[in-house]
Each structure stands twice: as structure tokens, then as C-alpha cells.
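Since the structure comes first, as C-alpha cells, the remarks are kept for the end.
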Amino acid sequence: MSPPIFVIMLSSLATGTILTMTSYHWLMAWVGLEMNTLAIIPIISTMNNPRATKAATKYFLTQASASAMILFSSMINAWQTGTWDITNLSSEPAHILLTMALAMKLGLVPMHFWLPEVLQGSTMTTALIITTWQKLAPMTLIYLNINNLSTAVLILLGLLSSIIGGWGGLNQTQTRKIMAFSSIAHLGWMITVSSIMTNIMIMNLVIYLIMTTALFCSLILSKSKTIQDTTTAWTLSPTLTAMMMILLLSLGGLPPLTGFMPKWLILEELIIQNLIPTATTLAVSTLLSLFFYLRLTYTTTLTLSPNTIQTEFKWRFKLKSMTFFMAPLSTISILLLPLTPLMLL
């Protein structure tokens, strides 16, 4: 794809998301979601191979179905109440349709099957966009409608997503699929706390976006597409290898790293609301995710490839890739925990 066309697609992508996030009319929100979907389809299918085409088709069908359900939901609500206001969704069938549509948009369990397959069929950069930027518009709609959606259904979706997100990633060898299941698990935590305290949900979303972007930058820089590729990442840069290890542990939610902060606050809030079984299930499901993070950490930093590496030590040479964003994002992903009291104010 030529640079001008790529810039146009990214601009359309950003415009669609911003239009959805700033609109209070259901039709405008729907138009924004459609712009967003149509802009990313060419980006997914930039690689001229059947897998990319298959991924783009799956993404289009899933997102188009979810957008249609959102449109049906808003039409039912407008038919019964006479208003198209996003925050005034008072019809019960509209609530059910909207919850299903947003779960499909985000890739929550049980509508999560498309996410690992689409990520595996796209490039690392496209996978980064899908797991970060593409979550903003649906999460905004959840935030705007949180008073109308069922708390029990959201908590159930969150619990299932955190469990399946950890379970599904255990047997994966492709880093993009691992990041897809990581995304499902993190979104499960956000959806669980969304109906209880939206401030924590937003903070969790921001920290998730920062950590995921930082790790994807490391994977793109080291060209690590499989777990086996991470075993030779040390030849590129020993510093990058150490940073990847700490980023993975932060994504796993280990203290004293940044990733521990949202999990700590969410568990504390659930215990305050006397949802002890929910908090226990979430905490146990984190161990599943932590396993595949630790496996990546182990292969990246503590093992060497059993075969003789025929490459030179690349760390002697200057990196050609852009690392401007990686440095601040990695720092924030690691050292933000002491600022927790400041962020709670």
C-alpha cells in the first residue's frame, strides 16, 4: 500500500472512532463505526496472500453484523421511546441487542472466535491497531450506556472472557494469537468493573493500551512472530530483551509493575461491593494468563536456541526502526504503580 493511501485509511480510521466517541445520536455513532470498519479492511488485506484476505473477510462480516445489531437496537429504542439519544436507551430488547453487539465488537466471550484468527492473518502493525485503537469506540458506547445495561450480564461476560482469555492462550505458539487472548482477558477485567466503577474501567483501558502498544513495539522491532523467534531476540539488543521481559511481567499483573495497579483496584472494588466469588474467580483466572506471559519471558531471556545461530551480533549496529514511542511507553508500563494514589484523586 502506497504511503498516501495508507495515510488516508488511518485518517478515516481515526475520524470514524472520534465520530462515534463524540456523538449523542445513534445514527452518527453507527456511521462512525462503519467508517472505522471500512477503513481498516484494506489495512488488514495489505499482504497479498489468502490468509490476509480470509482475515479481512472475517473481520468485515463480524463487525458488519455487530453494527447492524447496534442499528436494530437503536431503531427499536426509537420506535418505543421516540428518541435517538444514546444515553436514553430504555427498551429491554434494545439493551440485549446492544450488549451482544458490543461484545462482538470487542471480542468478548462467547463472541471472541474472530479475534485470534484475524490477528494471525494480519501484520504486527495491523494487529496493534486492532487490539488498541479499535477498542476505543465500543468501550465509549459501553461507558455512555452503562446505566442501562445489565450488571449481571456484564459481570458474567467479564468472568468468561478472563477465564477463556487465559485458557485459550496456554497452547499458542504464535505471538499474535497470544496477544489476542491477552486482549480478551484484559477486556474481561474491564467489563467486570464497568458497571460498578467506570473510573477504574477507564484507567484500566488506558494502562492496557499503553502496555500493549509498548509490547507490540518490541515484537515489531525484534520481528518475533512465534515463541521460537523470541529465543533469538537477544542478538538484536540485550536491552530490548530485558525490557520485553519486564513488559510481559507487567502485562501479567505482577507487583511492583504498572500492570498490578488496575487488577489491585478492581479486586478491591469487587470486595467492597461484596462480590467475593467474582473477585476470587478473576484472581484465579489471572494465573492462566500469567503462565503464557512467563513462558514468553522464559524463552526471551532465560534460554538460548539449541541450534547454532548463523547471524552476527546485531546489537553492535544502530537500529533502523523508530524507537521514539517505545521508550516512554515502556517506562510508563513499568514504573507507574507508585502514582496510584495520584490517579485515584
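Placement of Cβ uses the backbone N, Cα and C atoms for every residue, glycine included.
Among the features that TrEMBL reports, domain 'NADH:quinone oxidoreductase/Mrp antiporter transmembrane' is placed at 23-288. Feature annotation from TrEMBL assigns domain 'NADH dehydrogenase subunit 2 C-terminal' to 290-344. The transmembrane segment feature in TrEMBL is assigned to 59-76, 96-115, 127-146, 152-171, 178-196, 202-221, 233-251, 271-294, 324-344.
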Proximity verdict for the transmembrane segment (152-171) and the transmembrane segment (271-294), three or more C-beta pairs under 8 Å:
yes
The transmembrane segment (127-146) versus listed stretches 59-76, 202-221, 271-294, 324-344: most Cβ pairs under 8 Å:
202-221
Could you name the stretch, out of 96-115, 233-251, 271-294, 324-344, with the greatest number of CB pairs under 8 A to the transmembrane segment (202-221)?
324-344
Sort out for me which stretch, of 96-115, 178-196, 233-251, 271-294, has the most Cβ pairs below 8 angstroms to the transmembrane segment (324-344).
233-251
